Amino acid sequence: MVRIAIAGAAGRMGRNLVKASHINPDASVTAGSERPESSLVGVDIGELCGEGKFDVFLTDDLEKEVDNFDVVIDFTVPVSTLANLELCKQHGKSIVIGTTGFSEEERALIDAVAKHVPVVMAPNYSVGVNLVFKLLEKAAKVMGDYCDVEIVEAHHRHKVDAPSGTAIGMGEAIAGAMGNKLSDVAVYAREGITGERTKDEIGFATIRAGDIVGEHTAMFADIGERVEITHKATDRMTFANGAVKAAVWLHSKPAGFYTMTDVLGLNEL
């Protein structure tokens, strides 16, 4: 049984992670944290999520519970995730990171910590999205050289970063399959007189509206035809279940940086 701590357990995603951990037969929620100023600190995590009494209470600092968990699952914000990453390094704990919006310097720090403890990091934890990443690699190898590639993503009005980590992950999969770095070919905004698109660029468009959980489409467009690969999520439990699956898988692994491709064994396809 893998003992899991949920960072930001009172948030929308945090509550789903608590539920997903509770229903997974190989996992148990044994700790959860919230911001120190939260009025929910001290509340029973199970009751908070409508799952009944767990006798596990929200803390304002996971270090207070460090002997009570094996793996942290963190879908919060970069500054909080990096603090929990350092905590895991100091105490030899594993961490599953679902937070997005890291700078290049912060990503480098995560890579450095992964030399000391097991880390899974992915822009999206749904099985379907990670299968899409593999499909995009294959499509890019066949069509990327002669098609225009555009990525469109849509999320709810409360999402604070754009484009989404999943959209960037799609772009990285396509660019990598074509021998490029995404940072060299990505175009994140178009406005006014932009001129014709270049051959290699990968364009991104972002929608923020209503309660959209997450929709992503990658388009390979040629003259006379186009191929679109789309994923639509309708329930955040999809992501939560995948993250808990990753936590259970990670617990038995040595220090290193892993992705959902590793968790799901997609490199074997």
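For all residues, glycine too, the Cβ spot is worked out from N, Cα and C.
Packing around His155 (active site, proton donor/acceptor) is summarised by its Cβ count: 25 other Cβ atoms lie within 10 angstroms of its Cβ, all protein chains included. The active site, proton donor/acceptor feature in Swiss-Prot is assigned to His155.
According to Swiss-Prot, the feature active site, proton donor maps to Lys159, an assignment based on sequence analysis. Residue density at Lys159 (active site, proton donor): 16 other Cβ atoms are found within 10 A of its Cβ, drawing on all protein chains shown.
Secondary structure at Asn124 (NAD(+) binding site), as computed by DSSP, is coil. According to Swiss-Prot, the NAD(+) binding site annotation covers Gly8, Ala9, Ala10, Gly11, Arg12, Met13, Glu34, Gly98, Thr99, Thr100, Ala122, Pro123, Asn124, Tyr125, on the basis of sequence analysis.
The NADP(+) binding site annotation in Swiss-Prot covers Arg35 and is backed by sequence analysis. Summarising the environment of Arg35 (NADP(+) binding site), the number of other Cβ atoms within 10 Å of its Cβ, over all protein chains shown, is 13.
Listed in sequence order, Thr100, Gly101, Pro123, Asn124 are the same-chain residues at least 6 apart in sequence whose CB falls under 8 Å from the CB of Gly165 ((S)-2,3,4,5-tetrahydrodipicolinate binding site). Under the heading (S)-2,3,4,5-tetrahydrodipicolinate binding site, Swiss-Prot lists His156, Gly165, Thr166, citing sequence analysis as support.
Counting Cβ atoms from all protein chains shown, Ala10 (NAD(+) binding site) has 21 others lying within 10 Å of its own Cβ. Each residue contributes its Cα atom, and for Ala122 (NAD(+) binding site) and Thr166 ((S)-2,3,4,5-tetrahydrodipicolinate binding site) those atoms are 8 Å apart. Cα spacing between Arg12 (NAD(+) binding site) and Lys159 (active site, proton donor): 12 Å, rounded to the nearest whole number. Residue environment of Gly8 (NAD(+) binding site) contains 24 other Cβ atoms, counted within 10 Å of its Cβ in all protein chains.
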